[in-house]
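Q: Reproduced below are the annotations present in TrEMBL:
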DOMAIN    9-176  domain 'Glucose-6-phosphate dehydrogenase NAD-binding'
BINDING   ARG44, LYS138  NADP(+) binding site
BINDING   HIS168, LYS172, GLU206, ASP225, LYS316  substrate binding site
DOMAIN    180-450  domain 'Glucose-6-phosphate dehydrogenase C-terminal'
ACT_SITE  HIS230  active site, proton acceptor
Amino acid sequence: MHMRSDAVVLFGVTGDLVSKKLFPALYELTRRDRLNVPVIGVARSPWDDQQLVTMARKSVLEANDEIDEETFDGLAANLSMISGDYADPTTYQRLAERLRDAERPVFYLAIPPAVFGSVVEGLAAVGLAGRGRVIVEKPFGRDLESSRELDRTLRAAFDSERVFRIDHYLGKEAVEGLYAFRFANRLFEPLWNNEHIDNIQVTLAEAFGTQGRAGFYDTVGATRDVLQNHILQVVALIAMEAPASDDTTAFREAEAAVLRQIAPLSPESTVRGQYAGYRDEPGVAADSNTETFVATRLTVDSPRWAGVPFYLRTGKSLPGTATEVVVEFKQPQRSLIPAERGTATAANLLRFRLGRGDGITMSIQAKSPGAEVASRPVDLSVDFGSALGRRQEAYERLLDDAMDGQHLRFARAETIEQEWRIVAPILDLPAPVLSYDKGTWGPADAEALAGGWHAPYLR
Ligand code: BG6
């Protein structure tokens with residue numbers, strides 16, 4: 001067992017990620033008696049400890065309907081602030097002084113990639129890197145080359161077993177559930193191949209726009225923001241072979257192995273869109289060609305998946321919010337039972353609902369009522385919230401894991417490099433993005449790409 005971290009340092013503590021995700025996670029860990037160590041916020045803004053506590057309370061209240069005062073007081077008592085420039089050596093000297101009793105601090109870099117280098121070097125210069133762990137947020141670079149460069153920077157200061165690369169989809173219980181579904185059940189795995197599966201669709205749809213992050217988002221776009229990481233992680237879990245054993249190394253190897261078999265995406269089967277009005281948002285370039293929507297087709301070059309297209313799409317300002325994988329099975333080998341009169345034949349579908357209200361819905365054919373021998377689709381559905389109760393939030397699990405030095409739910413350097421290799425041909429395409437109206441499923445061309453998408457169950 002690795003030794004647990006005895007301090008948490010949040011770089012970029014005044015930012016969006018910390019208030020939306022990390023404070024609620026720290027609160028939850030405190031509630032579960034998993035966190036009673038100093039939590040030090042670092043940022044350029046001149047905040048004092050009280051401002052940090054006020055922000056923490058606000059974010060816990062935004063994430064939860066109510067707050068347990070005793071738990072919050074426990075967290076607040078551990079919070080303190082260091083304000084300083086990331087390029088200023090005294091920032092790190094003050095941090096080292098504050099951490100003099102900590103043997104294994106964990107450093108969370110919730111900061112723009114442009115300042116990763118200064119922070120890592122600053123930590124190394126005061127001897128903190130040698131005894132700490134580092135958690136790095138996505139986006140991990142902007143492309144293959146910059147992600148390798150970033151990795152070199154990190155590895156110059158931290159040994160590889162001290163580097164934790166976040167893709168919070170790996171921390172979601174529902175996403176991890178894909179792995180459990182496949183390898184804890186006998187029922188579907190024999191069908192999990194090109195003999196029985198026609199196509200697979202992955203949708204990560206969001207009803208909202210850039211939510212005040214337009215300045216950042218405009219430098220990134222949908223492909224770098226979620227396709228390169230979250231969606232490809234989901235694809236890896238759906239498509240991977242069974243790991244050679246149940247340990248972390250075997251799991252991560254199986255994940256990297258399937259990514260190696262994915263061909264680079266092609267611009268010809270990719271549709272990029274931008275919602276109308278995006279360019280008027282503060283922080284967005286007036287002539288921005290950044291995509292807020294992308295749909296594409298991917299192939300996995302393996303005996304299991306040859307000939308099975310994977311259709312992927314994600315976008316902002318779509319008709320609803322949902323993350324779903326729909327596995328569409330082939331039709332029965334021999335068609336004896338027609339679809340109900342006036343309806344089209346429907347395929348069996350296995351729908352993994354991975355977002356809020358997660359669960360699985362399976363569409364099967366049932367005999368339609370009446371004298372006619374025909375069938376119509378009906379759903380078998382399980383809602384995991386009702387069946388399993390509360391599940392932990394991704395960031396709560398990931399912080400807990402990193403504090404324990406556990407890598408299972410973090411991405412390997414190679415995994416991230418493979419993801420960049422896959423998306424490389426569709427990054428920064430010169431062709432103008434296609435406009436779409438807010439509240440629609442992106443440009444019309446995207447609809448044609450999959451020859452009909454299965455509409456997600458929207459929330
Ligand atoms: C983040 C992206 O990584 O993932 C956001 O930067 C996106 O743009 C978010 O909204 C989606 O995550 P979730 O957990 O809300 O599905």
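Count begins at 1; order follows the chain as displayed.
Heads up, the Cβ atoms here are built off N, Cα and C, so glycines get one too.
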Q: Using a Cβ cut-off of under 6 Å to any atom of ligand 1, determine which of the binding-site residues ARG44, LYS172, ASP225, LYS316 qualify.
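A: Cβ under 6 Å from ligand 1: ASP225.
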Q: Just how many other Cβ atoms lie inside 10 Å of the Cβ on ASP225 (substrate binding site)?
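A: Excluding its own Cβ, ASP225 (substrate binding site) sees 23 Cβ atoms within 10 Å.
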Q: Among HIS168, LYS172, GLU206, ASP225, LYS316, which the record lists as binding substrate, how far apart in Å are the two most distant Cα atoms?
A: 20
Q: In the structure shown, which of the recorded positions LYS172, HIS230 has the fewest Cβ neighbours within 10 Å?
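A: It is HIS230 that, of the recorded positions LYS172, HIS230, has the fewest other Cβ atoms within 10 Å.
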Q: If I take the Cα of the residue listed as 'active site, proton acceptor' as reference, which of the binding-site residues LYS138, HIS168, LYS172, GLU206 has the closest Cα?
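A: Of the binding-site residues LYS138, HIS168, LYS172, GLU206, HIS168 has its Cα closest to that of the residue listed as 'active site, proton acceptor'.
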Q: If one measures from the C-alpha of LYS138 (NADP(+) binding site) to the C-alpha of LYS172 (substrate binding site), what distance in angstrom results, rounded to a whole number?
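A: One finds 15 Å between the Cα atoms of these residues.
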Q: Cβ neighbours within 10 Å, counted over all protein chains: which one of the binding-site residues ARG44, LYS138, HIS168, LYS316 has the most?
A: LYS316
Q: Could you list the residues of the same chain, at least six apart in sequence, whose Cβ is under 8 A from the Cβ of GLU206 (substrate binding site)?
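A: Sequence-distant Cβ neighbours: THR314, GLY315, LYS316, SER317, LEU318, THR321.
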Q: About how far apart, in whole Å, are the alpha carbons (Cα) of LYS172 (substrate binding site) and ARG44 (NADP(+) binding site)?
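A: Computed Cα spacing between LYS172 (substrate binding site) and ARG44 (NADP(+) binding site) is 31 Å.
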